[in-house]
Amino acid sequence: MATQRRANPSSLHLITVFSLLVAVVSAEVFFEESFNDGWESRWVKSEWKKDENMAGEWNHTSGKWNGDANDKGIQTSEDYRFYAISAEFPEFSNKGKNLVFQFSVKHEQKLDCGGGYMKLLSGDVDQKKFGGDTPYSIMFGPDICGYSTKKVHAILTYNDTNHLIKKEVPCETDQLTHVYTFILRPDATYSILIDNVEKQSGSLYSDWDLLPPKTIKDPSAKKPEDWDEKEFIDDPEDKKPEGYDDIPEEITDPDAKKPEDWDDEEDGEWTAPTIPNPEYKGPWKPKKIKNPNYKGKWKAPLIDNPDFKDDPDLYVFPKLKYVGVELWQVKSGTLFDNIVICDDPEYAKAIAEETWGKQKDAEKAAFEEAEKKREEEESKAAPADSDAEEDDDADDDSDDADDKSESKDDEAHDEL
């Protein structure tokens, strides 16, 4: 599929930056989408959930606040809906090369529960039926739901099983545009970037459970009988002081006085009350010292895992052919834009700087202005709301009076 970018000379999407020109020379771009005119001919809206009247519609827009009104993406537009849309590109394999998957996403709705991730799919897919059960190769991007889920998903499919990344990668939660980038390399290492800043990195071997572990604890190993795991022992030189056991736990209160009105004949013989003995230290225990024979906690030695079989193509996705969005949103308003699938991280970085990088300050200013207007409108509406509440309270008082009147009438009727 040909790269799709605007031909408008004034657009920020023009490749005018030197770094981008340099990147173009070396980069192989498999797919690129900025949702310019004609985008609907390149994307297929799924009919998934349509029969249940739960399929959400997409808007082609730059959003309520933006850094360039001409830079449009696709935005979810209906609450409590499922969304599924995909685009096809010429099938390719990332064997022997980097795989870079990048896109921008903005949650204008102050998202409290919903996804902002995208998927790469392999093989042949019926795009009209693309949905939650459609197998995918990579799922990547932010996911937010309540206070517990605010993270970046990086799910890789290996041997028909979806594997979640084991590391936590927090996502952005504000209402501005952010760029998410996933880089997968031939040496089985990866990086996750947000706004061109690396947030996580590592290896496919350690950060996903794609393969069995290389080593395991030796199941036949036994702890030696003379293995000493006690870090501290009683001091053999410490001796109990003479008379220690004779110290009473309580003593007579030396400050206690017999009450003047105490009558021994009537009250019995007066006995001074007891109090805790400050000299009493409890049962004697010898001091603890470092155990000279301490060997630490015993652990079974590691051995090669007989079930481990290395896969030099662990990073390879051989038949990548589609990119799509499939998600559920309680509150709509998420906007996707500037999708790039290529083999050069520098090219993706340059695209991010040419779009998000040049627009972010203007977008933030537009957002702050929109928030200011919203707060002013809410402030103006507050007195009217207060008057309405007073009217409601008056109505409630009237209703209560009517209810009491009706209650009295009922009581009077019962008496008759």
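Any Cβ shown, glycine's included, is placed from N, Cα and C.
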Going by the alpha-D-glucoside site in Swiss-Prot, where TYR117, LYS119, ASP143, GLU326 are listed, which of the candidates TYR136, TYR315 is also part of it? TYR136
Given ranges 73-111, 268-306, the stretch to which Swiss-Prot attaches the annotation region '3 X approximate repeats': 268-306
Looking at the candidate ranges 57-60, 329-332, 413-416, report the one that Swiss-Prot labels motif 'Prevents secretion from ER'. 413-416
CYS113, CYS342: which one closes the disulfide with CYS145 in Swiss-Prot? CYS113
Spatial neighbours of the compositional bias 'Acidic residues' (226-236) not adjacent in sequence (6+ beyond its ends, CB under 8 Å) are 285-291, 293-298
The correct DSSP tally for the compositional bias 'Basic and acidic residues' (215-225) reads 0 helix, 3 strand, 8 coil
Fewest other C-beta atoms within 10 angstroms, as judged across ASN59, ASN159, which are the glycosylation sites: ASN159
Between ASN59 (N-linked glycosylation site) and CYS145 (disulfide bond), what C-alpha distance do you get in Å? 23
How many neighbouring Cβ atoms, not counting its own, are there within 10 Å of the Cβ of CYS145 (disulfide bond)? 15
